[in-house]
Amino acid sequence: MKNLGKSRNRSESNYYENESPKWIPQATERPTYYTHHDTDDDDDLPYDYGEGPPTSSSHPLAGATSSFHQKPSRWAMVREKSPQIISKEAKLQDKRRQLDSNKGRVRLKFEKSAKQRNEEIAQNNSFSDVVKTAMMLRTWISAMEHDERESEPERDRTTTNAEPTTENGDILPAPPVFVPRLSGWTQTKEYLKDKWLQLRYFYVTENSTFFYYWSALITIGIIYNMCAMVIFIFDDIHQGYFKQWLYINMFFDVCYILDCLIGSRLAFNYEGNEVRDTSKMLKNYKKSARAVYDVLCLFPLDFALFIWSQASIIRIFRMIKIYRLYEFIILTQRRTDWPHFMKILFLTTACGILFHWNACVYFLFSLFEGLTEDDTNAFGFSYYKVFDPRFPSCDALYDESCWYPEDDDVLDIRDERPKYMHQMYQFWKDKYDIFSMGNFSREYSMTLYWSSLTITKCGQQPWPSRSPQNALEIFDTLIGVLVFATIIGGVGSVVTQMSQNVNTFREMMDGIKFYMNYRGVQWQIQERVLNCFLYLNSHNQLYEEDEILSSLPPRIQAKIASDLHAETLSHVLLFSKCEKRMIDELVLLVKQQVFSPNDYLCRKGELAQEMFIVKKGKLAIIDDETGIELDVLEEGCTFGELSVIHVPGNQLGDRRSVSLRAIGYSDVFVLHKDDVSKLLNEYPEERVRLLENGEHI
């Protein structure tokens, strides 16, 4: 027994030495517990097997000394008798422990990743829930405050919750909110940035005021160039004003360059829309003929003036810019209130420029021919034809020595004077003062006089004696015919247009007179009709507004009517609460009528079908029974507002209770009930609102 006990103890000790320290379950009937130690080191903490949770006293290593003295168990006896079964069972348990250990690792990692995802989702969901809850609370609080303000009666300022007030009882203003002020440099930068953006993306339209005045400046430059480029053939002008001329030329050349920039920013219409995009405006400018004219106009030929200063005619390339002059004329005719005067002014300016050019050509021709000093009958210019003005130094009315003794008995004294011309000159030699004029004044006045007479064919000129002179005369004759036809045609059209309205008025006046005389109308009525007709003509009211505005689109007509009547109708108590879109349609139904003095617009007892709005003049409200003037309606007043709607319970009914009479000539807007009823069929809500307003009235 001792040997057996020793061998058994030795075998157990060998087994525990060879195997890793693990808990070996006892062969009992109680269930086996599996305890997993949740730590990061899975290899050091395996699963424990036993009858219950292992303790320090149940572990084999902890109780190895005391277990040898106990009674051997059944499992120890089987292990001693069958060592092969024990080894197989031990291997099986090792494999089972390894599988359980791997499952624990995978499950632990999966649980960790799933736990992290769940924590992230929970955090996101919790944040969104908090935001939604805060928004719901804010909406609920706002709704509660709104309901409290709507339902809360007027506060008593004596209560404790009264708003702070001043001594006068006014509610104190809220404390000012602190707004940090920007520094001066920051404001300057913002201002400069805003101006830079405006300059970078600016655009102009043809109908703008800026473009009109800019076109006027360009037109002045064009007319100046027309006059200055030919006048430098006169030596006095060339010697005295050449440098000034160059400076002015540079100024207008800069204006032409800027005009190219403005032309590239000129808005245009494409498919009915106004294009204001800078890139598209630039492309449109490049493709237009305007860009070609502007580039040719700025061709730098002026540098030749530094080589040959007499060649001022090279500025003729600036004449390509003349299309801007035509644009300015069109814009002026659109904007001016005196179109006939402007037509005559432009025609006169054109004739003056043509006379100026022809005078310069005539003087240049005389320079090539050679100037004469004493031939009054020469075809070319001669200083002998133009003298400095002379004024007598004595008084011819009281001093007899101021009179040269001439023979008054001759038939024509003008034929005799050339015979004693030198004697007369000697007689007046010391009895006059000379108003000395420069050469340019004498030259230009004589040549301009010759040019105007030659082109218009209004005077006798010296006969040409050579072929070049004949060629110049023929050329001026052809130009004169065209200019004369242009002047006659232009002035004639202006006079015809100016007299067209007068002729139309006379025809209508004659027709009315003929009709009244033919029908035998009383002279008192005829006089009244003629006075009314003259009033209508003086105020340009002979034509109906519908005829004048018929050529415009309906939307434009509505805009004009709204501008004329919308403000007046909005002040009428009946239409005070109506929508603007209904007012815009209501103004189209208003008709204008003119009443002469003592005309009755309506009488007492008549069926009320119209509402009247005084535009000009005065109307008197009359009581026919007593003849008393109850009130006077002036400009902007209304009468008969309830006539255009049917108000239930109206004690006045549909009949006029008083009469309305015009004191003088009065312009009145009339609104009919039938027109308003048709319009209210489309606005049922406005009908209810009008009825409410009518009941209050």
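Cβ coordinates are placed from backbone N, Cα and C, and glycine is handled just like the others.
Marked as compositional bias 'Polar residues' by TrEMBL: 54-70 (among others).
Marked as compositional bias 'Basic and acidic residues' by TrEMBL: 77-100 (among others).
The compositional bias 'Basic and acidic residues' feature in TrEMBL is assigned to 145-158 (among others).
Residues or ranges marked as compositional bias 'Polar residues' in TrEMBL: 159-168 (among others).
The predicted model assigns the domain 'Cyclic nucleotide-binding' (574-693) a mean pLDDT of 81. Residues annotated as domain 'Cyclic nucleotide-binding' in TrEMBL: 574-693.
Marked as region 'Disordered' by TrEMBL: 1-100 (among others).
Taken from TrEMBL, the feature region 'Disordered' applies to 145-172 (among others).
The transmembrane segment annotation in TrEMBL covers 210-234 (among others).
Taken from TrEMBL, the feature transmembrane segment applies to 289-308 (among others).
Among the features that TrEMBL reports, transmembrane segment is placed at 344-365 (among others).
The annotation transmembrane segment is assigned in TrEMBL to 474-496 (among others).
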### Contact set, same chain, for the transmembrane segment (344-365): CB under 8 Å, 6 or more residues outside the stretch
223, 226-227, 230-231, 233-234, 329, 380-381, 443-444, 447-448, 450-452, 454-455, 468, 472, 476, 479, 483, 486-487, 490-491, 494
### Query
Using DSSP, how many residues in the domain 'Cyclic nucleotide-binding' (574-693) fall into helix, strand and coil?
34 helix, 41 strand, 45 coil
